[in-house]
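Some notes on the structure that comes next.
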Amino acid sequence: MAKSKYEYVKEFETDDRMLRNVYVLVRIDGKGFHKFSQTHDFAKPNDVRGINLMNHAARCVMHELDDILLAFGESDEYSFLFRKSTDLYQRREAKIVSTVVSLFTSAYVYYWNDYFTDLKRPLYPPVFDGRAVLYPSEVEVKDYFAWRQADTHINNLFNTSFWALVEEGGLTPKAAEARLCGTDSKDKNEMLFTEFSTNYSKLPAMYRKGSVLLREQIPKDADKDAIIPTLPETLPGSKSAKVIPAPGLQSGPDPISEPASEAPSGQSTPISLDSPIVVQETVMQENSSNSSSEGKKRSIDANEAEQQDVEEGPAAKKEAPAFKRMKKGVVIDHIDIIGEKFWTGRGAYILAPEKKKKLRS
């Protein structure tokens, strides 16, 4: 950069580089989303379009920033956990927070019409704010996500009860709030079951537990209900998504249809041995072993193979099989992250010790 007499103004910038060797957590929140959801006629108590749009925006952030290991979302907020050793933007707080917020907001607006198909764009711009929090150890990280998921349960149980009283019970919002005042979770569950025939524990896990984004090994042709597809495809609920679950492969409850049985906390739903992926992989393994044994018995002469290529042309070459080896991808699930089961099982890699790096001078 060229020198000038005005360059002294840079001296007014403050050094906001965050402490090293600690976990960086960035949380974004919707500003004024109560009004925003009313203006855009969000379904109550949960709008599957809005939730999936939030998940899609969070996925875009994770695809752009590889140092994010885990994300958790509920309602109009999302939390992103960066690896302990991240050196993104030299750990400058303002740069990291502003990048996450701008990526999330731009994706939320860009993919709006994929989910709210009756409205080309929002009636006015949505606004998200952000903050960065540093946590010294894995204890605080675990407790943070436990706090956010507990908050998801408390808020959703209240909202489900509140809107049941309003929409089905015929109460005014003020009367419904008065009815719920002083009640605990047991009271709300009892009211939902006896008065509205609603078993809260059977509602889609996405509403009750929030959404968890992980980086995991995934097969290329895995079910799109569980795997967030590569751009420009979208999550379930989008008009451009091709949601055709493979028979025998169940990767999680469909938030739109009736809820399926949930897998234990911290575990993936098991894949059936009869599923196309397992069967196809088995066939490929058998074919591979057969071809290797035949290769020992005979080989094609190089001249003969060349002659075949000339006669048959490129079109005669065998196509690659549809199934490929596992690759790293961003996976969405709606599971328990409270307690040790998740952190010692499926999420063990998140808090795994990292190799020490030399600090830059």
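Glycine is treated like the rest: Cβ placed from N, Cα and C.
Unlike curated entries, TrEMBL annotations are predicted automatically.
Quantities reported herein were computed from a predicted structural model and do not represent experimental measurements.
Summarising the annotation, TrEMBL assigns domain 'tRNAHis guanylyltransferase catalytic' to 6-136. Annotation source TrEMBL lists GTP binding site at Asp29, Gly30, Lys31, Gly32, Phe33, His34, Ser75, Asp76. Among the features that TrEMBL reports, Mg(2+) 2 binding site is placed at Asp29, Asp76. Positions annotated as Mg(2+) 1 binding site by TrEMBL: Asp29, Gly30, Asp76. TrEMBL lists 140-338 with the feature domain 'Thg1 C-terminal'. Under the heading region 'Disordered', TrEMBL lists 228-272, 284-324. Per TrEMBL, compositional bias 'Acidic residues' is recorded for 303-312.
Positions of the features from TrEMBL, shown on the structure.
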residue	record	Cβ contacts under 8 Å, 6 or more apart
Asp29	GTP binding site	Asp76, Glu77, Phe128, Asp129, Gly130
Gly30	GTP binding site	Phe36, Ser75, Asp76, Glu77, Pro126, Val127, Phe128
Lys31	GTP binding site	Val127, Phe128, Asp129
Gly32	GTP binding site	Val127
Phe33	GTP binding site	Ser75, Asp76, Pro126
His34	GTP binding site	none
Within 8 Å of the Cβ centroid of Asp29, Gly30, Lys31, Gly32, Phe33, His34, Ser75, Asp76, the other same-chain residues by Cβ around the recorded GTP site are Phe36, Ser37, Glu77, Phe128
Within 10 A of the CB of Asp76 (GTP binding site), the number of other CB atoms across every chain shown is 19
Across the domain 'tRNAHis guanylyltransferase catalytic' (6-136), DSSP labelling yields 56 helix, 31 strand, 44 coil
Across every protein chain in view, the count of C-beta atoms other than its own within 10 A of the C-beta of Ser75 (GTP binding site) is 19
